[in-house]
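Enquirer: Have a look at the structure that comes next, please.
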Amino acid sequence: MIELEGLTKRYGEKVAVDNLTFTVRPGIVTGFLGPNGAGKSTTMRMILGLDHPTAGDVRVDGTHYDRLKDPLTDIGALLEAKGVHPGRSAYNHLLWLAQSNGIPERRVREVLDEVGLTAVARKKAKGFSLGMGQRLGIAAALLGDPRILMFDEPVNGLDPEGIHWIRTLMKSLAEQGRTVFVSSHLMSEMALTADHLVVIGQGRLLADTSMAEFIRRNSRSYVRVRTPQREALLDALHRAGVTAVDGADGTLEVDGTPAEAIGELAARDGVVLHELSPQQASLEEAFMQLTAESVEYHAHTGAPLPPQQQQQQQWGESWRKG
Amino acid sequence: MATGQVVRSEWTKIRSVASTVWTLSTAVVVTIALGMLISALSKNEFDNLGEREQLSFDPTFISFAGTSLGQLAMIVFGVLVVSNEYSTGMIRASLAAVPKRGVFLFSKLAVATALAFVVGMATSFATFFLGQLMLGDLRASIGDDGVLRAVVGGGLYMTLIALFSMGVAAMLRSPMLSLGILMPFFFLISNILGNVSATEKVGRFLPDQAGSRIMRVVTPVDDDTPYGPWGGLGIMALWVIAAVAGGYVLLKRRDAQ
Ligand SMILES: Nc1ncnc2c1ncn2[C@@H]1O[C@H](COP(=O)(O)OP(=O)(O)OP(=O)(O)O)[C@@H](O)[C@H]1O
Ligand SMILES: [Mg+2]
């Protein structure tokens with residue numbers, strides 16, 4: 001269990017993490033979602049006592065991290081930066097980690113085997129590919145057989161097989177009753193692995209719900225309509241008190257009215273339809289919508305946007321286009 | 001968190017990177033080779049020296065002439081041991097494994113200092129005996145007054161230089177910045193300050209100048225240095241304590257990066 005209470009981190013003027021309060025529970029995979037620069041990695045570093053919080057508190061199994069005796073046996077983490085000396089072998093990297101926490105050397109061989117690095121165990125880390133480096137980081141997290149696991153963007157650099165492997169691994173770790181906390185900036189990735197979702201934007205908490213609840217609340221259903229008689233259809237809809245908005249590629253999107261009703265309105269006026277299809281906004285869109293709101297909220301305060309927020313808006317826009 | 005575990009872990013770290021071997025072996029080879037060369041040259045030059053210089057002739061100190069260059073390799077060793085943690089981002093893995101930052105730093109320094117001590121002491125004895133071999137008739141004997149103290153002191157000097165560098169690197173974090181300050185300082189600036197009469201009085205309180213006093217057996221004629229061999233080493237030790245304390249305080253306060 002990881003408990004955050006009002007956790008805040010400021011780097012100079014920049015607020016990276018803003019008053020976060022939530023709990024990561026055992027037995028499930030908790031996804032930690034946010035766009036680039038949202039503060040995910042910073043939050044994880046504070047959980048490990050690496051960065052000092054500006055305010056607030058964070059506890060691991062009820063204790064401050066630096067009070068844990070042999071912390072690697074309680075919580076294992078894969079961080080964003082690899083943290084491996086390029087001239088040291090994978091084996092020796094894991095060996096010094098193990099020794100520092102009184103973990104038997106046999107575990108080094110076990111985790112190397114588990115992540116599939118046994119063949120290159122004695123090779124220097126500088127020759128490792130991105131994916132091998134990621135596997136070594138995961139081996140280090142598993143080393144102390146900890147009850148809590150934390151992964152910062154674990155699928156980075158992994159091939160499809162590796163991605164499948166890490167998903168399965170996270171689920172099985174959670175099934176064993178462990179606490180699994182994993183960050184990502186891809187909603188689609190989280191949808192496949194996470195049972196619970198914590199979403200942040202600009203360092204603030206935007207959502208803390210179960211995955212199912214998040215989908216139910218945030219996804220929008222609408223009807224997509226395509227017609228060569230755009231004005232005629234808009235008239236017909238307008239008279240019935242239905243509003244339509246422009247969608248992609250010259251389509252119209254109608255919220256809150258069933259497809260049947262739209263079809264009948266069009267038929268009454270003799271409007272030709274080329275498409276009439278109920279749509280469910282994707283999870284990615286739901287996530288976009290949520291984080292975009294946090295950006296709008298800031299923009300409406302009237303102050304000019306700091307560069308970071310502008311960046312996030314652009315990030316959102318590019319997603320909508322793509 | 002047992003300190004013994006952390007010490008073992010730091011030993012694994014230090015023995016599993018190539019820089020440990022090449023920095024320390026460079027220190028040994030350079031100190032001994034240069035010491036032998038200068039001893040041999042001094043022997044040939046002795047007859048051409050004035051009476052004053054002949055009276056100040058210190059065969060023990062001459063055999064340690066290689067230290068001035070060899071210490072630079074010790075500095076590189078000390079800097080890399082600490083700053084590698086930062087340049088590779090390993091510091092985060094290290095402090096996640098050992099969140100008690102004092103335990104982490106002092107275990108690392110203990111292991112690296114012990115290694116520097118063993119290597120420094122062996123180098124010191126080797127450089128003395130091989131240097132005396134080159135000096136022929138002019139040689140000093142290990143049994144002579146103050147000679148053993150000077151030879152043991154030479155080993156301590158090398159150890160303290162390494163530890164001082166570790167403290168500085170713990171404060172500065174970047175290997176380039178640490179080396180960029182320490183190397184020119186010990187190779188040039190300290191020598192210049194020590195040899196220009198206006199700054200001489202300040203220069204001799206610098207760590208290397210004060211510390212190297214312990215390697216002298218014969219006091220130069222007209223010497224007015226206000227401290228003796230152990231006093232000089234004590235001054236150097238104060239510098240070392242200041243550097244290590246500074247490194248500790250900053251490590252404690254800063255975010256790990
Ligand atoms: N050490 C630091 N010094 C100054 N600013 C920092 C530091 N670390 C992070 N930041 C800033 O804090 C904000 C949050 O960064 P963080 O890396 O935690 O985001 P993230 O959610 O992990 O993003 P990403 O998805 O890109 O990994 C960013 O604006 C970043 O520039
Ligand atoms: Mg990150």
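Each residue, glycine too, has its Cβ placed from N, Cα and C.
Automated prediction, rather than curation, is the source of TrEMBL annotations.
Pulled these features from TrEMBL for this protein:
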type	residues	note
TRANSMEM	B:21-41	transmembrane segment
TRANSMEM	B:61-82	transmembrane segment
TRANSMEM	B:103-130	transmembrane segment
TRANSMEM	B:150-172	transmembrane segment
TRANSMEM	B:179-198	transmembrane segment
TRANSMEM	B:230-251	transmembrane segment
Enquirer: List, by number or range, the same-chain residues at least 6 past the transmembrane segment (B:230-251) whose CB is under 8 A from its CB atoms?
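Expert: Beyond its ends, the transmembrane segment (B:230-251) has Cβ neighbours at 82, 101-102, 104-106, 109, 153, 156-157, 160, 163-164, 166-171, 205-214.
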Enquirer: Same chain only, please: residues at least 6 beyond the ends of the transmembrane segment (B:103-130) with a C-beta under 8 Å from a C-beta of the stretch. Say none if there are none.
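Expert: Residues 1, 3, 6-7, 9-11, 13-14, 20, 24, 27-28, 31-32, 35-36, 39, 60, 63-64, 66-67, 70, 74, 77-78, 81-82, 94-95, 142, 147, 150-152, 154-159, 162-163, 166-167, 170, 244, 247-248, 251.
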Enquirer: Find the member of B:21-41, B:61-82, B:179-198 that has more C-beta pairs under 8 Å to the transmembrane segment (B:150-172) than any other listed stretch.
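Expert: Answer, by Cβ pair count: B:61-82.
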Enquirer: Please report, as numbers and ranges, the same-chain residues at least 6 past the borders of the transmembrane segment (B:61-82) whose CB is under 8 Å from any CB of it.
Expert: 14, 19-20, 23-24, 26-28, 30-39, 42, 108, 112, 116, 120, 123-124, 127-128, 130-132, 134-135, 150, 154, 157-158, 161-166, 168-170, 175, 178-179, 182-183, 186-187, 208, 212, 215-218, 247
